[in-house]
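Encoded as structure tokens, the structure appears first; notes follow it.
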Amino acid sequence: MKIKATIERIPGGMMLVPLVLGAILNTLAPNTGAYFGGFTKGMISGTVPILAVWFFCIGASINLRATGTVLRKSGTLVLTKIAVAWVVAMGCAMFIPENGIQTGFFAGLSVLAIVSAMDMTNGGLYASLMNQYGTKEESGAFVLMSLESGPLVTMLILGSAGLASFEPHHFVGAVLPFLIGFALGNLDTDLRDFFSKATPVLIPFFGFALGNTINLNVIMDTGLLGIVLGVAVIIITGIPLIIADRVIGGGNGTAGVAASSAAGAAVANPMIIAQINPSFEPVAASATALVAASVIVTAILVPIITALYAKRYGNIPKADVEPQPVESLHH
């Protein structure tokens, strides 16, 4: 049976399929982990330790000796995305209550959901698209996008926008596994090769564990809003990214479009941040559902929009540009 190949036909399938399976299990039998205990409970409820190992491996995979062109391109996209998310957070904080919107079409929407969806780029999706529509340097620009992985950037945005306060050691704790992996990977290339191979392997496991924090009834309540959020992520972050890529990065804007997605790892951020700062617990469940929906929407739409943009503004023959399904959302 071609189970893996079938799953990979779905955009981000290696994370989203286990996530949906976990959500189904949590909705129909929420006490499964407690009932079985042991290793079964660990797989069901181990989101944080699994993500910690994944974050370590992400750090180990980054090569400090990347070329200047790659670093300029990558830095431009990463800083632009973070800056846009910060501006949006500042603006939304003026209108959205601390515990999120409770009624109407926007019920469940919170600043936590918006920032989590906007401040990270799907590095795997970006790299795949740039392999097809960009240059080698543009493809390699995903190197710094790994720095966005995990809750650190979201915490910094929420903190600097005055929406939350975190103790300094919480920031250190959020990034320490990444830094240790980064150091080891650059001290020994064999360790980099060894640990980087584990990055895609861990994705289904934290997807399943994360799914077990989601109740499908919440997703049903926020489904259409999640689609709207996904489209908003593409528009609100995509336009500044295109401009930054053309003006600062020296590209034609295609890389900016390809970087306008929501990262699969962002789905975990609301829950992790709520564990660090309990004031976010009331909105964590709905934020997780909204971010998951926006990840799916952007994973489907961004490849199509990137192909159309490259066809019109790129430096490649139009006949060679057809939207292709992209199989993963690694970062």
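Cβ atoms are placed via backbone N, Cα and C, with glycine included.
Now, the feature entries from Swiss-Prot:
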TRANSMEM  10-30  transmembrane segment
TRANSMEM  42-62  transmembrane segment
TRANSMEM  77-97  transmembrane segment
TRANSMEM  100-120  transmembrane segment
TRANSMEM  141-161  transmembrane segment
TRANSMEM  163-183  transmembrane segment
TRANSMEM  200-220  transmembrane segment
TRANSMEM  224-244  transmembrane segment
TRANSMEM  254-274  transmembrane segment
TRANSMEM  289-309  transmembrane segment
Taking the transmembrane segment (200-220) as the first stretch and the transmembrane segment (77-97) as the second, find out whether 3 or more Cβ pairs fall under 8 Å, excluding pairs closer than 6 in sequence.
-> no
Quick one: do the transmembrane segment (289-309) and the transmembrane segment (77-97) have at least 3 Cβ pairs under 8 Å, skipping pairs fewer than 6 apart in sequence?
-> no
Near the transmembrane segment (163-183), which same-chain residues lie under 8 Å Cβ to Cβ, leaving out any that are not at least 6 residues past its ends?
-> 52-53, 55-62, 64, 89, 93, 98, 111, 147, 149-152, 155-156, 195, 273, 276-277, 279-280
The answer for the transmembrane segment (100-120), taking Cβ pairs under 8 Å and residues 6+ beyond its ends, is 81-82, 84-85, 88-89, 92-93, 145, 148-149, 153-154, 157-158, 161, 163, 218, 221-222, 224-225, 229-230, 233, 236-237, 262-263, 265-267, 269-270, 273, 280, 282-284, 286-287, 289-291, 294-295, 331
Highest-contact recorded stretch vs the transmembrane segment (10-30), from 42-62, 77-97, 224-244, 254-274, CB pairs under 8 Å = 254-274
Distal contacts, the transmembrane segment (42-62) - CB-CB under 8 A, six or more residues away = 22, 25, 32-33, 143-144, 146-147, 149-150, 177-186, 191-192, 194-196, 198-199, 202-203, 205-206, 208-210, 212-213, 265, 268, 271-272, 275, 331
